[in-house]
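S.K.: Here you go, one structure.
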Amino acid sequence: MNEKADPTAIPTTKEQRRTSTTRYLKLNRLPTLQEVLDRRTRPPLDLFCFYIFLQRESAEDALDFWLDVQQHENMCKAYFKDIKRSGRTIDEEWPEFANYARTNGSHFSPLLSLSTSPTPRQPNSPNPAQGDFSPRSNQGEFDSPTLGGTTRERRDTESHGNAPRSNMLSPAPSSTMNELGMGKPQNRDRPSMTPSGKMSLRGKFGGGHVPKTKAPTVIARDRAIEKSALIDGAERIYLRYLLPGAEREIYLPPSLRIHDFPISTPDSASPLIPDLFHAQKVYIFKALEQDAFPRFLRAKAFGNLTPLGSFVRLIVGLVCLWGGFVLAFSLIFLDWKPRLTRLWTILPFIVALNLLLSSYYSLSPLLALFNRSETTPFRHIKVKEPYVKKLLTIRALWIELVCILITAILVVIFTVVPGHKL
């Protein structure tokens, strides 16, 4: 039986990625967060620039978590597909997970071809339906509907893109991202909560270091995925992001926190492993989509400067404007002849207004002319997104029009004012 293609799944081959990118580029609009995470977009709206933007706001750990969980789920998909290709069933390879998926649901269910009758459980094997996974498992955490969701919720999607409509994962009225944010870090990598009990995305500046995004969605392998690899990957994610006091701990609402990692061995793996982080991944996606991603679009699709680049232009523009006024008043009070000499004030005024308007709109017309955009202060990347080129060109022309108009007004005023020698 041929497997149905999942339209929301991340492309896993070069041909699929090229096709999806071509299809997206035909649309005359800004991309969605799903398309950025699927690597269908081009600079400055690609995943690389989004990561740099989040790093500047000390929120890159949220994106790293999502990418790592996506890779873990892709590995689980590959594991289930390898079982299917071998002619075996999930009931034979992993009966505990098969029983768990029938009882609680799993977003991997379409890949499993589960039979209606569960496999008889061995006398000493854990019963996933009762939350009996290991002596250390926290049944209240893992069996709660808040984390696992209903059977329909867990089965609705393989990807965050069509996330289940669940009240437990909906943002709080005060905005989901306030809960997600990375707070004031206690050290360089680990964020902490703010005194109000919520997290803030704003914090340390990412500096000039430009990291590479992690967790590739294409898994290079020359052999079948083993169950031990799934356990190791899940344990790394838990220790890195979810363990209290972890190096890169992210904030989650209490209902989605995992206090204990289910004990697993290659011979007796916890049935929670494949779906362990799916609810947290959906929450992070919604939080990024509602707060950080709109700000990213405003910063990169409607501007091409970083905050530091805008600030430097503001300072230089104010200095040039001061110089223009000094020159203009000097020519007036010296009663310099001929009066047309005062037209030289056009140079400092037009430079100053260009810099000040660039700072105000976070868009440099000069960079837009050469299709460049700042990634980190004074480091540029070529703009390859066609729709963004169009937006930046229109806004750059508007800035130049306003600049020329204000400059003309100032020059005319200082030219026609009568001289008065002191």
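Every residue gets a Cβ built from N, Cα and C, even glycine.
According to TrEMBL:
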type	residues	note
COMPBIAS	109-119	compositional bias 'Low complexity'
COMPBIAS	164-178	compositional bias 'Polar residues'
DOMAIN	36-94	domain 'RGS'
DOMAIN	234-306	domain 'RGS'
REGION	109-213	region 'Disordered'
TRANSMEM	314-336	transmembrane segment
TRANSMEM	343-363	transmembrane segment
TRANSMEM	396-417	transmembrane segment
S.K.: Residue counts in helix (H, G, I), strand (E, B) and coil for the domain 'RGS' (234-306), per DSSP?
M.R.: 36 helix, 0 strand, 37 coil
S.K.: Could you tell me the mean pLDDT the prediction assigns to the domain 'RGS' (36-94)?
M.R.: 92
S.K.: For the domain 'RGS' (36-94), give the DSSP counts of helix residues, strand residues and coil residues.
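M.R.: Going through the domain 'RGS' (36-94) residue by residue, I get 42 helix, 0 strand, 17 coil.
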